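To start, the structure under review is shown below, and the notes come after it.
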Amino acid sequence: RVQVLWSTMRQEPKYSEVELTASAPGTSAVKRPQKLGPMILVGGISSLGGFLFGYDTGVVSGAMIELKSRSSGLAPRELTTIEEELIVSVTVAAAAFGSLFSGLVQQTDFFGRKSAIILGAFVFTLGAALMAIATNLTTIIWGRLIVGIGVGVAAQTVPTYISEMSPPHLRGVFGVVNASMIVFGQVIASAACCIFASHDLMVGRVDGWRWMLGLGGLPSALLLVGMLFLPESPRWLVHYARDEHRAFQAMMWLVQDDAFARQELASIRAAVEDDGPSKTTSFKRIQRPRVRRALTLGVVLMIVQQGVGINTVMYYSSSIVQMSQSNGVACGTSETQGVDVSRGRALGSSIGLFGSGRRAADGATEDTLDANDVSAVCWSAPIASSQLLGTFVGIGLVDRCGRRPLLLWSMVGICIFLFLLGASFHPTRSMGSLSLASMCAYLFTFGMGLSPIPWVMNAEIYSADVRGIASGISTSVNWVANFAVASTFLDLASLLSTNRDCPANHPDGAFWLYGTVGVAGMVWLAIFMPETKGKTLE
């Protein structure tokens with residue numbers, strides 16, 4: 001110990017603010033801290049960013065039912081299909097941009113994880129307020145664009161911030177908590193839409209959309225205020241701000257254990273020295289072989305997450321049950337009215353899918369709410385709760401079983417239930433019960449692993465010098481894949497249907513395609529995905 005201390009004193013310290021010493025070789029490791037209060041506070045406040053992500057993706061389905069109506073007050077006519085699609089797609093595009101922008105600016109020495117989350121919360125609050133007071137379509141579109149930027153920033157930054165703040169033995173748990181908040185946001189959004197839409201249906205007016213869209217500003221304001229009292233990520237402070245004094249203070253606030261804080265910062269410092277003072281651009285850094293391998297894994301995880309059709313099942317849940325109950329009945333008969341191709345496409349447009357929207361009936365006007373549409377919105381909340389229950393299982397298993405086994409077993413269930421969901425569209429029998437059971441089981445197994453693990457892994461697998469930009473790229477890919485899968489579902493449902501007499505009511509082939517994507521992704525991940533359980537980020 002004397003020799004180590006003497007050699008440390010003789011060397012010129014890289015940072016003079018705080019003296020750091022690591023345990024000498026052969027000595028016992030410092031015990032991990034037992035006080036979890038500060039970490040619970042960090043996870044609870046910052047995961048509101050995940051809630052915003054989920055709330056925004058869930059609220060648009062219910063709000064669109066009212067926004068498209070002539071009585072919404074946005075226009076003297078019904079919204080066109082293009083206008084409906086623009087309201088949704090502008091948010092997706094803005095979120096992809098916000099994720100990439102957030103990752104880039106965090107590579108600087110003045111804009112860290114905390115600052116990015118505060119910015120995202122402020123932008124989201126501004127957009128939500130703008131939509132709540134909107135008097136025309138242009139204001140709604142601008143509000144949706146601003147909200148999209150905020151969601152994109154939060155989606156990229158919050159998992160990284162939580163990962164960098166968490167001790168190794170709890171990093172998976174807090175990462176899954178953030179992912180569960182995304183699903184919780186979707187459930188709350190569905191419930192809010194159901195309440196306001198049902199109220200508007202009873203009183204005969206159409207203004208609940210203001211509350212649906214504006215309420216998202218409350219959790220974002222809480223996130224903004226709460227983040228003001230949390231510290232910046234110690235890893236960002238050491239790697240980018242080069243402020244070891246603030247990093248030590250942040251670590252002490254978090255773990256409240258002097259020895260553990262010094263050991264952690266010594267590990268971070270060693271990683272900085274190993275990376276060396278890089279003068280290359282972020283673009284060149286992500287081309288390094290080890291970074292390229294990690295980024296490939298992160299991007300594949302995001303593509304597989306969306307490629308199994310999660311958002312099509314979430315958005316089309318009630319419509320899928322209707323379709324499976326109408327099998328064996330000719331298209332266009334009274335028994336299938338409301339589920340035929342035009343109805344299905346109109347429903348797809350109303351809930352925020354893109355590319356194939358049509359009106360439920362040509363020339364029909366929609367001055368008031370339709371009870372069937374309100375019922376469809378209300379059904380989405382209990383169905384989405386299946387995924388939320390799955391995330392609770394994931395919280396309990398992610399740091400016990402590990403990321404890799406949890407993800408692979410989750411994908412086994414996903415593939416099985418996707419094939420069963422496709423089989424529920426029987427050519428001669430009504431199999432709505434099998435359809436509903438398959439959807440709920442699919443969402444439950446998805447929530448266990450494939451829902452949270454891609455976010456957890458993307459916050460863990462990159463070295464600190466590229467963590468911001470790499471996670472920004474993977475998050476942007478997630479948004480693009482979300483758009484691509486959701487926008488093609490209706491066309492795939494007709495194209496791949498085995499029932500050529502009524503393909504729009506028989507989307508079995510689309511779900512079998514998603515199941516095949518899941519099998520391919522599972523095989524690839526089984527070969528190339530490493531385990532990160534219990535490992536430090538360094």
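Each position is counted from 1, following the chain as shown.
Cβ coordinates come from backbone N, Cα and C, glycine included.
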### Query
What range among 253-273, 379-399 does TrEMBL record as transmembrane segment?
379-399
### Message
Six or more residues beyond either end and a Cβ under 8 Å away: which residues meet both conditions relative to the transmembrane segment (86-105)?
### Response
56, 60, 64, 67, 79, 111, 116, 119-120, 123, 140-141, 144-153, 155-157, 282, 352-354, 468-473, 475-476, 478-480, 482-483
#### Entry: Touch test for the transmembrane segment (294-316) and the transmembrane segment (469-490), at least 3 Cβ pairs under 8 Å
yes
### Message
Counting a contact as 3 or more Cβ pairs under 8 Å, with residues at least 6 apart in sequence, do the transmembrane segment (469-490) and the transmembrane segment (141-162) touch?
### Response
yes
### Task
Please work out whether the transmembrane segment (174-199) lies in contact with the transmembrane segment (406-425), by counting C-beta pairs under 8 angstroms that are 6 or more apart in sequence and asking whether there are at least 3.
no
### Query
If you count Cβ pairs under 8 Å, which stretch among 117-135, 141-162, 379-399, 406-425 touches the transmembrane segment (211-230) the most?
117-135
